[in-house]
Amino acid sequence: MTSDHAPGGAGDRRPLVMYLCVQALLFLATVGCAVAVPGAVGVVGVIVNAVMVAVSAAAVVAGIRVHRPTRPGGWWLLAVSQVAFFVGALLFTIGVGFPGPADAVYLCVQYPAMIAALAVFARSRTPTWHRGTAIDAAVLVTSASLASWVYLLRPAVEAFGAGPLGAMVVGVSYPVMDLVMLSIAVRLSLGGGGRVLAHTLLMSSLAMWFAADVLYLLERVDGFFTDTSTTTFGYLAALVLVGAAALHPSMTGLGEPAGAPPGPGVSRLGLLAAAALIAPVILAVEYLRGTLRDVIVIAVACAVLFLLVIFRMAGLVSAQRLQAITDPLTGLYTRRFFGPALSDEITRAGRSRVPVALLLLDVDHFKRINDGYGHPVGDAVLRAVAARLATLCRSGDIVARYGGEEFAVLLPGVGPDRLAEVAERIRASMTGPIPLADGREVLVTVSIGTATVPVDAGSPEDLVRLADAALYSAKRGGRNRVVAASTDRDAVPA
């Protein structure tokens, strides 16, 4: 018997455990170097840091080789990013000033590779944008962009503006790259599918990376950057987490297509509320400090957030309305929608003097199907009948699940003669076998009752009553047949 956790198998967690142990020892060595040599990590510390980065890059490659994901593109891009950071870290130790060769490697290779990796994961996991998720992501990114401008971008422009143009461009590029990564990461996080551990580790890595970048830029702007700053440990922790994500068996699911995105739960609403409050909080802070330099930017951000919230509310209202008028089992309209639609169509037909037909359909002996095969099979039969019915009707017809195993079809512009042809075609098409998931087939028949306006009735109530009476006449007459109200002696107006 094989095991998912066999040595070298896709479910083997031993490489991850060994990797974390090695990185923990290296991290402790780095801390020891920082403590032993105050104010500088020292040569040994630099070497240990380089080894940690190299081990992280090797871990990503090893994770791809061990777990063999079906969509490895994103992971290979992360490996490129790790290697680029390793090269940049080595160049950084040369200490040629800012900006230097390390910044060129970071901004031209490492960051683009990270962005491309996240884009591949997001595209593979959520191929299409969900409107609500897109708006939620826009709210978060707008708030983050405002905070980045006030506390990072504008100070960076002011600090580097007096110096060489290259220094200002490089200094501003880091937070801009971070915002691009954040926008893609938000899409990846807010999309559908379960949150596997590899996803959590990768998002934690990005959080550490963003925090380290913020500290790095603030230190550059304020002029107190040192090699022993906490940014070093932030970057190392981020890289270690990427390696851990690649070595965990759940990494194979990160690039797989996910289901529909979840609805707006309590945690997401809380996150969106906090993000929407960032703009007024920043405005209040600037007012208290007496430095209202970003009023226009904050006003624009507030307007954008306000419009996004309005669009989100409109989408929720539309989704709730659609849910209320859509049958969850068959995807057809509900009786709640069908009633007003019937009244509106009859009123419209009265003004334009065109006929309107109503067809009521009932699945014969449906209780026997439920009792003999079980409710899951009964549900499958109802879905199959609904699908066939929707296929046979025109785009302008209104098809609804009227209740239980009963369906209703409203056919504008159809008179008695045409209605008889349509009803018979529908009845005949329903006699074909319905395949089940287990390979079995179910044979069903249907009974149909029809009525028209103005030939049979003049009001929605009379039309429904006459079609219903014709339907029951069809069932009493032996089922698997069509009965029209105009030929049914029992279906006469009251």
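Including glycine, each Cβ sits where the backbone N, Cα and C put it.
As recorded in TrEMBL:
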- 16-37: transmembrane segment (TRANSMEM)
- 43-64: transmembrane segment (TRANSMEM)
- 76-98: transmembrane segment (TRANSMEM)
- 104-122: transmembrane segment (TRANSMEM)
- 134-153: transmembrane segment (TRANSMEM)
- 165-184: transmembrane segment (TRANSMEM)
- 196-218: transmembrane segment (TRANSMEM)
- 230-248: transmembrane segment (TRANSMEM)
- 269-289: transmembrane segment (TRANSMEM)
- 295-314: transmembrane segment (TRANSMEM)
- 354-487: domain 'GGDEF' (DOMAIN)
Other parts of the chain folded back onto the transmembrane segment (230-248), taken as Cβ under 8 Å at six or more residues beyond its ends: 13, 15-16, 19-20, 23, 27, 30-31, 41, 49, 52-53, 55-60, 62-64, 66, 75, 78-79, 82, 85, 197-199, 201-202, 204-206, 208-209, 211-213, 215-216, 219, 254
Distant-in-sequence neighbours of the transmembrane segment (196-218), which means Cβ under 8 A and at least six residues beyond its ends: 152, 156, 171, 174-175, 178, 181-182, 185, 188-189, 225, 229-231, 234-235, 237-239, 241-242, 244-246, 248, 250-251, 253-254
Touch test for the transmembrane segment (269-289) and the transmembrane segment (134-153), at least 3 Cβ pairs under 8 Å: yes
Contacting positions for the transmembrane segment (43-64) when only residues 6+ beyond its ends and CB under 8 Å are counted: 15, 19, 22-23, 26-27, 29-30, 33-34, 37, 72, 75-76, 78-79, 82-83, 85-86, 89-90, 93, 227, 232, 236, 239-240, 242-248, 251
Residue numbers, six or more beyond the limits of the transmembrane segment (104-122), whose CB comes under 8 Å of its CB atoms: 71, 73-75, 77-78, 80-81, 84-85, 87-88, 91, 170, 173-174, 177, 180-181, 184-185, 187-188, 191, 254-255
For the domain 'GGDEF' (354-487), mean pLDDT (0 to 100): 91
